[in-house]
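The next block holds one structure in the form of structure tokens; read it before the comments.
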Ligand SMILES: [Fe+2]
Ligand SMILES: [Fe+2]
């Protein structure tokens, strides 16, 4: 071995000192004169090796998949009645969802929540006008945030406090999934153009940050905000139905994803989908106002009211 190899090793930075000896041996074995060059080469080879180890062979992916991942995790509709029967236009129209139901603000926090939502509606009206499909995409991108944020924060609180959550987390996650299914449905029907997508994504990012902060400071107000947001959603979808009935929006066939998710008739149309989505929003409205009321009443845990019920699970969580 030439002495020049070891002379150059002394110039190696401290961080690379650990690699000096194997690099020197590597040089000797492969007749490389520069240790630094050898270290770089060794690092490159190591990276390639690591990459090969981390990249599974595609043809074995299915064989290696755990059995549990092969079980279907099908999104379930949020309304119990939607799961119980096939939904036709007639029974969708006969659902009593309280189209004009409104929770009057009772205190300052409620008023702030109410007027915040009302003031956010105005720019949306100006921007989207009668483009109800694109407006719905915007609405659902935002509406899918609160359930997930609420579930995350309550999950962390449950862990940190080492106590039961009170049975909310599952419901909040289900709400978030339901809103995302609304979004996936609307994306099947009509796709916003690039600049609309950019605006929607920007609004959602801002909303995510503000809502997360609000939920940490005042979950009661946060749920009230969602309650009012859902009241607006019910109104928006009612206008959507009127536009379809007036012939200004074509009543196309419902996408397959919607027929499967809401258990709709195979000949269902866009109008049926809007009726089903509006029914979901009405449930979100009632649920979130109820959550806010429970916090205010100091009776958060659902199990305080449900533990003696025959048909409710007894496992507190
Ligand atoms: Fe929705
Ligand atoms: Fe909703």
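Cβ coordinates are placed from backbone N, Cα and C, and glycine is handled just like the others.
TrEMBL lists transmembrane segment for one of the ranges 178-197, 198-217, 218-237, namely 198-217. Together with 179, 182, 281, the Fe cation 1 site in TrEMBL holds one more listed residue from 84, 93, 106, 140, which is 140.
Counting same-chain residues at least six beyond the ends of the transmembrane segment (198-217), those with a Cβ under 8 angstroms from any Cβ of the stretch are 127, 137-138, 141-142, 145-146, 149-150, 153, 192, 225. With a cut-off of under 6 Å between the Cβ and any atom of ligand 1, the binding-site residues 140, 179, 182, 230, 284 reduce to 140, 179, 182. Summary for the binding-site residues 182, 284: the Cβ-based neighbour count within 10 Å is maximal at 182.
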